[in-house]
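This report refers to the structure that appears directly beneath it.
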Amino acid sequence: MALAAVRRLGRDLAASTRARATGVVCQAEVCSASSTEGVRSLDPATSVSPSWTTRRSRKLCESASASASASASQGGDEYDVVVVGGGMIGSALACGLKHGPLTSELRVAVVDKEKQQGWGAESRRGASVPDIRVSTLTPSTLGFLDRVGVGSNLLPPVSASFDSMQVWDAFGRGHMQFSSPTFLGQVIENEVLKEELQRRAEELGCDFVYGSVTDIAVPRPKVGITKAPEEKPGGDGDRSVISFASGLSISTPLVVGADGAQSLVAKKAGIRFLEYNYGQRAVTCALRVSEPHSTAFQRFLPTGPIALLPVRGGYSNVVWSTTVAEAKRLESLGSKEFARAVDDALRSEPASAGGDVHFFSPATLGSAVSTLLGGRRRTNDVGGDLGQVTETRGEFVDPPEVLEVAGTSQKSFPLGSKHALTYCQRGVVLVGDAAHRIHPLAGQGVNIGFGDVECLMIVLQEALWSGQDYSDLLTLEKYSRERRIANAAMIRTLDAVKSLYQSQYTPLALTRNLGMDILNNSGPLKDAIVGYASSNATAKKIF
Amino acid sequence: MASGIAQRLWRHADWSLAKSCSKWTPLGGASARRRSGWFSTTSEEASGTARSVDAKEVAKFAAMADEWWDTAGPYGALHRLNYARSPFIRMAVCDHYGKASTGRRPLEGLSLVEVGCGGGILSESLAVMGSDVKAIDAAEESVQVAKKHLKRNALLRSRTNLTYEATTAESLVEKGEAYDVVVSSEVVEHVLDPPGFCKTLSNLCKPGGLVVMSTLNRTLWSYSLAIVAAERILGMAPRGAHDWDQFVTPEELCIMCEDAGLELGSISGMRWSVPKGQFELTKDLSVNYIAAFRKEPPRQDET
């Protein structure tokens, strides 16, 4: 199997090197390793572990490279799909393609900077403190991961799941609680998920190509057959060519940009973005808390939301979005001080209702509302005055006490939203963060990325079913249209939620307090929100 | 012009408009024969070489050959039509030959000829499905474009068996070639002698094989959608690409094929889906439709 892969990789060189290869056992290894000879002269670092070779063949190369000699392949290898970026989304797409009944035939390569090791589910089980970079996976994302065959490796204790979510704000005790009989979300370290998906992709026969990408030549946007200029020897034609620092290149009809927010693929394809900087930063780290919790807490402070999520091993993870200055200050705090700050932010008493900024007292507003709602609603808990509303249903759960920072100290990252004007171009398609970046307040960033992956899989499948060119703009535009609408809706919603909660204008604050309670007590509406928050599929139905 | 259309509509109103829109029932051959000028030519007259090729139509497509593979160009609708016709052919052929339609290469092992391939939009799709495809077109320029497009796509070339030739169906028949499946999509409305063309397709097909044809129905709907909307307003198809008079109703196609020894197997409409931005299969035959005809296996008593 490995031999076959290597042979395929070194196809161009095979004829010339095979004659020279003296090793009896690893003839094919030499073929592939020999092409690194050219690399060695350029960069001493890459000669030890040739950056462009596939992961599967790498070990073999290392042993054989000393004796190899041949010139580097210029034509490069051809793949049906090349995924640039082997992160969670990129690897998931590779797995997904290999799982589809029609797409499994495609030769898929995943391009990544370097191989990372030691983050697999097995090795992380022993590690005590979880990494600070975590993702919340919704049930629909987990369903997808199950289908590609990694779901079972991600179950607790590798991850932590929460079955309820409590949202409230700094001004009142009006809150919203969501719960699910099974689970609402599962929190997992990004690196664990990434490594599991990479392992699975490799198992399914995807080639991993490691090296730093220097250039991606994408096809010309428009096709003119007879008027088109003669093809260059490098072959721009209908294919993209991905060049590596080592001087080698691979070509493909379809490049998938899964290379994150600073996507090189998007840049090379000339795809433009709508960007919006929130002027905020989020501080995050792992925390040790007084008792493990299975509720995700989120409190909207005037400066931004703070969220406490349960993570593996009884630890918690905090994501605190706040102003840049405040973020810098928080980042510089010591372990104990930061823990105290988080504790304060989560557990401090609501700002006094009769404060000087309030135009109406909660009681006044409450009675006004009850008059408006009349007797009809009196049976439905939302009567009386505001003071009692929070006591009625879905008891307020106090977040656990935050003790100290666990593992690495807190880090901050800038917040903003970014959305590509189109997700595709001829022969190029963007998925995940390469196409969109959103506010982390709903923990949806990675989930809409997985939604992209599923949609792209279906679209490619459909194209193959009707024998269409899967790399054609016609096919890719269907994906772009569908996902752009769904993701734009998510971005707008989060923008709106964020601005609503940041408002300190009292009537608005009180209304949202009340609104939250009304929501909390109305079944169908809440179900719809939970359904939306925990599934990508429903997003489609709304439009 | 309006009066001309009205007259024509009147001429066809009684049997093409009303019936083909909703429920399709084959009509008696005799009445249809009386109505259509095509049927005045006898089969002997129609058997001459390349009788089907209309030089004017060939020139029309040759002039636009460069646009074949521009999906945003005048042939964009044909690319989008693939999402309906390819699955139909996949299922009809698999059904006929008792193969599983779900595989990656369901048409593997079948020889297929596409008559009137143009730039090879459908030919490539058919080749991807695994069949050995010979695609022919009377317009040399279109075939050159198709060849060029295939030449560029190394992956397609290495995985499929697809050959193009600038020739006519009649000359293939003369050479005595026969195929398991004969496909002629969006062609019959461009030929001079549709009954003769159907006969040629039938001759190209092995006994017991399958002939698949798709075309446009001659209805008020097809006039307003395929000509007025698609060509004149939306520019989805090149202006003058179609002549409504030459459109063929399912009844006529069925009769012509019956005369050529082909029996209707399955038929489906194809309609433009606005949300999907592509064609899809439908029960409504009033605009685009696609039909698969079975060629009778050799009779025992004749052999």
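Glycine is treated like the rest: Cβ placed from N, Cα and C.
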Same-site residue for S-adenosyl-L-methionine (record: TrEMBL; known: B:Arg85, B:Asp137, B:Ser185; options: B:Gly103, B:Gly116, B:Gly208, B:Gly209): B:Gly116
Separation of alpha carbons, B:Glu186 (Mg(2+) binding site) and B:Gly116 (S-adenosyl-L-methionine binding site) (Å): 8
For B:Gly116 (S-adenosyl-L-methionine binding site), the three-state class that DSSP assigns: coil
The one of B:Arg85, B:His190 whose CB sees the fewest other CB atoms within 10 Å, among these binding-site residues: B:His190
For B:Glu186 (Mg(2+) binding site): intrachain residues, at least 6 apart, with Cβ closer than 8 Å: B:Leu78, B:Leu81, B:Gly116, B:Ser214, B:Thr215, B:Leu216
Recorded S-adenosyl-L-methionine binding residues, B:Arg85, B:Gly116, B:Asp137, B:Ser185 - maximal Cα separation rounded to whole Å: 19
B:Gly116, B:Asp137, B:Ser185, B:Glu189 as binding-site residues, winner by CB count within 10 A: B:Asp137
Three-state secondary structure, which DSSP defines for B:Glu189 (Mg(2+) binding site): helix
Separation of alpha carbons, B:Glu189 (Mg(2+) binding site) and B:Arg85 (S-adenosyl-L-methionine binding site) (Å): 16
Whole-number Å value for how far B:Glu189 (Mg(2+) binding site) lies from B:Asp137 (S-adenosyl-L-methionine binding site) (Cα to Cα): 15
